[in-house]
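Record features, source TrEMBL:
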DOMAIN    7-269  domain 'Pyruvate carboxyltransferase'
BINDING   Asp16, His204, His206, Asn240  Mn(2+) binding site
REGION    395-515  region 'Regulatory domain'
Amino acid sequence: MSTKDNLIIFDTTLRDGEQSPGASMTRDEKVRIAKMLEKMHVDVIEAGFAIASGGDFDAIKAVAETVQDSTICSLSRAMPADIKRTAEAIKSANSGRIHTFIATSPIHMKYKLMMSPEQVLEQAVGMVSLARNLCGDVEFSLEDGSRSEFDFQCRMIEAVIDAGATTINIPDTVGYGTPEEYGAMFKNIMERVPNADKAIFSTHCHNDLGLAVANSLAAVMNGVRQVECTINGLGERAGNASLEEIVMAVKTRADVFPVTTRIDPIHIVPTSRLVSSITGFPVQPNKAIVGANAFAHESGIHQDGILKHRETYEIMKAEDVGWKSNKLVLGKHSGRAAVRARFEELGVTFESPEELGHAFARFKELADKKHEIFDEDLQALVSRVTAPSIAEKFQFSNLEATSKSGVKPHASLTLTIAGVDHQTESEGDGLVDAAFKAIEKIASSQTALQLYLVSAVTQGTDSLGDVTVRLEKEGEIVNGLGSDTDVIVASVKAYLNALNVLDAGVIKAHPQSGV
Ligand code: KIV
Ligand code: ZN
């Protein structure tokens, strides 16, 4: 039996991750990701911010009703309405948690909250007591905690533990901390606060200086036993500490870290891909653990070393974190049962025979164009653009795009809006530009294009092209996703998907915008 402490892995992909501009997820998408996190044995899943919108409340509720083995939590500002809404959203969870927070740094209290430290203390204690009356598991976060004054941190922590908080989280909200200083802060607080042993201490680090993982691990070395993190390091601004890096650091350097986790790393890569395909945030090729190059050895000397003795250059096994050889999984003649089984292995389940039928039809359509179907293709097939999760006002009908040396590229496009076909033509600086101009002639969306990204889903020139289009309208940012073997068609689908997401109009409140 291990003599090491358990390190609680608290995943906040569905809450802080969702705060990345354009990464907003639907209820069904959150449930799909939550199921993968559960399979991976994540201890706590922060499923959203219940008061943000009706849609987010429903998503948290659906996650709480579906997931059995992880604790489900929702964020709430230290306000009665937030806390009651959270309690309602998580009420059917097997194990639920209320996570409440208030800012404690001088700069946040003075300029954002416009409250004195005494008022903040009083509000925190009152709200923790309220939360504790509604749920046995209460986490309290000192927002901008790493920039708060030591004496105030200690008074606050002692008081909220007395009021019933079971976990104390001290976030590095603006990513300003350094490992030595952040680790020492926890040690000093735990030594000073008399009831510190009655709660579990937690980290929540942002990556503005690229130190989120290092800061989290420094905290672990100083007694912290919960780490808040996200898949692919997704999150507000530069993101959060990445789950896969924390988990694999603790596992690979078991000689250094005094803790173990319950995580089964075999699910890391499939979950990373699922999150990337749902949010439209690509994973950089050199990203640790989940980047396409993370285990690729290019140099001849490295390859020679690996062939002679793997450990010369490899500290982890690619297959342990879920990388599979890029083998053919399915083809034109694969049946519905095989396709469903493979989807399920990738964390995609179908609620009804119609949903499976829809995905299977897409699979057949793709298999006609592309002989070899890989896991990545299946994931692209069920990404937001193909999942029937939002009402689609603008539907793609037909595109004829022509280009010839010396002649301006030209697109002739037909869209269906509310069952009626609209056809138009446009020229542009390239086929994609011509097609987007044609869309705008019909849609007049008054959006600004912020990002256009194309990647090949698999190797080979017959690969599905995966396109992300980010549009901005009056401060609201959405990502649209599209995939097709024809990159111009994929681009049009992505643009229309973004317009449809905008049209669905689910605007969520931001938790850190003040009390
Ligand atoms: O970064 C932060 O401080 C947060 C808290 C609300 C936990 O996300
Ligand atoms: Zn955060």
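Backbone N, Cα and C define each Cβ position, glycine as well.
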Secondary-structure category, per DSSP, in which Asp16 (Mn(2+) binding site) falls = coil
Could you count the residues of the region 'Regulatory domain' (395-515) that DSSP puts in helix, in strand and in coil?
-> 31 helix, 56 strand, 34 coil
So which other residues, same chain and not among Asp16, His204, His206, Asn240, have a Cβ within 8 Å of the centroid of the Cβ atoms at the Mn(2+) site?
-> Thr12, Pro171, Thr173, Cys205, Asn207, Ala212, Glu228, Cys229, Thr230, Gly235, Glu236, Gly239, Ala241
How many other Cβ atoms sit within 10 Å of the Cβ of Asp16 (Mn(2+) binding site)?
-> 26
Cβ neighbour count within 10 Å, max among the binding-site residues His204, His206, goes to His204
List of residues, in chain order, with Cβ under 8 A from that of Asn240 (Mn(2+) binding site) and at least 6 apart = Thr12, Asp16, Gly17, His204, Cys205, His206, Asn207, Ala212, Glu228, Cys229, Thr230, Gly233, Leu234
